[in-house]
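Here's what Swiss-Prot has on this protein:
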- Asp78: active site (ACT_SITE)
- Glu145: active site, proton acceptor (ACT_SITE)
- His76, Asp115, Asp169: Zn(2+) 2 binding site (BINDING)
- Asp115, Glu146, His457: Zn(2+) 1 binding site (BINDING)
- Lys296: N6-acetyllysine (MOD_RES)
Amino acid sequence: MSELSQLSPQPLWDIFAKICSIPHPSYHEEQLAEYIVGWAKEKGFHVERDQVGNILIRKPATAGMENRKPVVLQAHLDMVPQKNNDTVHDFTKDPIQPYIDGEWVKARGTTLGADNGIGMASALAVLADENVVHGPLEVLLTMTEEAGMDGAFGLQGNWLQADILINTDSEEEGEIYMGCAGGIDFTSNLHLDREAVPAGFETFKLTLKGLKGGHSGGEIHVGLGNANKLLVRFLAGHAEELDLRLIDFNGGTLRNAIPREAFATIAVAADKVDVLKSLVNTYQEILKNELAEKEKNLALLLDSVANDKAALIAKSRDTFIRLLNATPNGVIRNSDVAKGVVETSLNVGVVTMTDNNVEIHCLIRSLIDSGKDYVVSMLDSLGKLAGAKTEAKGAYPGWQPDANSPVMHLVRETYQRLFNKTPNIQIIHAGLECGLFKKPYPEMDMVSIGPTITGPHSPDEQVHIESVGHYWTLLTELLKEIPAK
């Protein structure tokens with residue numbers, strides 16, 4: 001039995017513990033999907049899958065609720081696979097190890113997958129709990145949301161029967177989400193030429209580590225360090241001065257996670273090693289001063305390494321460094337309409353260098369299409385100046401807020417009655433699948449709720465136990481209050 005079984009509501013936590021035990025990173029959700037299909041069939045529910053693998057489970061209304069508007073509870077099957085550098089974990093094979101730490105549930109050295117595992121568990125717990133009162137009910141579990149919203153893109157019209165969709169992918173209890181940002185991936189690929197490292201040069205690995213990382217939408221406004229940007233800043237400041245040879249540069253693992261670590265392999269002449277060490281120490285102190293409140297565990301390490309690879313020629317080195325150093329990152333503009341909400345942002349998520357190419361992979365988010373288009377244009381111009389090949393792809397729409405949404409008003413009234421306080425109505429600067437659902441289901445009334453999750457998309461991810469109880473109370477009470485057709 002899982003340690004989580006002592007928590008309330010127990011059915012939800014037991015299901016979440018089971019979800020944690022089955023590997024389900026993006027593109028590897030099939031084992032979990034098969035388990036859920038079998039679980040639902042065993043309980044006698046109607047189950048279907050579509051051509052992209054989405055799961056739809058139907059349950060009839062409880063007695064006396066047959067005339068209520070049908071509702072679909074929606075979550076995504078995949079989780080973001082992030083781990084600490086010293087954690088040995090294969091996300092495709094190893095279970096997540098959740099544990100209780102005071103008021104929170106965390107995972108040992110990895111992302112927890114509360115995003116969106118708690119939402120998924122809550123939907124399945126509603127199906128399983130015979131004490132929950134509800135009208136005609138569907139549960140929709142989508143594929144590969146975190147890596148490209150594949151399931152939402154593939155969702156066909158005339159499959160769902162519901163009039164109301166409750167998305168469970170929000171991460172702040174007491175807040176009701178009625179809109180979200182859209183996004184687009186942007187890559188710049190730069191050709192590299194190499195030459196042998198001169199004799200008498202010593203090779204080092206420069207590592208920037210210890211950053212918090214996090215969700216590139218929900219936490220982009222916080223001002224956390226971006227490992228790719230911070231490491232290239234050092235190279236931009238000192239490459240020519242040190243006659244530095246750049247052999248390798250890699251940073252970040254996911255375009256939708258703020259990168260926590262970046263690595264550069266460099267070589268300098270033996271008589272400049274002491275200068276390099278001094279500059280590294282000085283730069284580390286500069287960063288610790290600048291990010292003293294946000295990144296207390298930041299570390300910049302310089303380690304001597306063996307090397308048999310060629311280095312970039314000076315032109316390739318300088319072009320790459322200048323391109324990455326000049327690439328914007330973070331908040332581009334705050335919204336004039338939604339106060340306190342980021343309108344447009346950019347995350348320089350992944351930098352991958354091979355022998356003759358380097359790819360810079362960014363994720364652009366915006367509440368408005370024109371904001372997204374502007375950043376694409378800016379990055380395209382920058383890439384072309386550097387001679388890089390650029391591509392924008394994988395665009396997904398935002399979810400336009402509807403101030404007159406009946407379900408949003410119902411959630412607000414229900415929350416206020418249950419907890420004697422007014423919830424915040426919010427637009428989130430992150431991608432929810434609701435925007436894509438609006439295309440095949442334009443008349444669907446939608447809202448997004450969830451418990452408090454901090455540090456999503458990072459090994460610091462944790463979910464607040466009490467908030468899960470509040471979220472469950474709200475969700476189950478809301479299902480009782482859904483109006484008649």
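The backbone N, Cα and C atoms fix where each Cβ goes, and this holds for glycine too.
Keep in mind the model is a prediction, meaning the values are calculated, not measured.
A map of Swiss-Prot features onto the structure.
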| residue | record | DSSP class |
| --- | --- | --- |
| His76 | Zn(2+) 2 binding site | strand |
| Asp115 | Zn(2+) 2 binding site | helix |
| Glu145 | active site, proton acceptor | coil |
| Asp169 | Zn(2+) 2 binding site | coil |
| Lys296 | N6-acetyllysine | coil |
| His457 | Zn(2+) 1 binding site | coil |
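The two recorded residues, His457 (Zn(2+) 1 binding site) and Asp115 (Zn(2+) 2 binding site), show a Cα separation of 8 Å.
Residue pair Glu146 (Zn(2+) 1 binding site) / Asp115 (Zn(2+) 2 binding site) shows a Cα separation of 10 Å. Across the structure, Asp169 (Zn(2+) 2 binding site) and the residue listed as 'active site' place their CA atoms 12 angstrom apart. Among the recorded positions listed here, namely Asp78, Glu145, Lys296, Asp78 has its C-alpha nearest to that of Asp115 (Zn(2+) 2 binding site). Apart from the site residues His76, Asp115, Asp169, the chain places the Cβ of Ala75, Asn116, Gly119, Glu145, Glu146, Thr168 no farther than 8 Å from the centroid of the site's Cβ atoms, the recorded Zn(2+) 2 location. Spatial neighbours are here defined as Cα atoms within 10 angstroms of one another, and by that definition the residue listed as 'N6-acetyllysine' has no neighbours among the recorded positions His76, Asp78, Glu145.
Look at the Cβ of each of the recorded positions Lys296, His457 and count the other Cβ atoms within 10 Å; the largest number goes with His457. Asp78 (active site) sits 7 Å from Glu145 (active site, proton acceptor), taking the CA atoms of both as reference points. Distance noted between the C-alpha atoms of Glu145 (active site, proton acceptor) and His76 (Zn(2+) 2 binding site) is 6 Å.
Residues Met79, Val80, Thr111, Asn116, His215, Asn256, Ala257, Pro456 surround the recorded Zn(2+) 1 site, their Cβ atoms falling within 8 Å of the Cβ centroid of Asp115, Glu146, His457, which are themselves excluded. Using a 10 Å Cβ-Cβ cutoff, the residue listed as 'active site, proton acceptor' registers 26 neighbours. Comparing the binding-site residues Asp115, Glu146 by how many other C-beta atoms lie within 10 angstroms of each C-beta, the top residue is Asp115.
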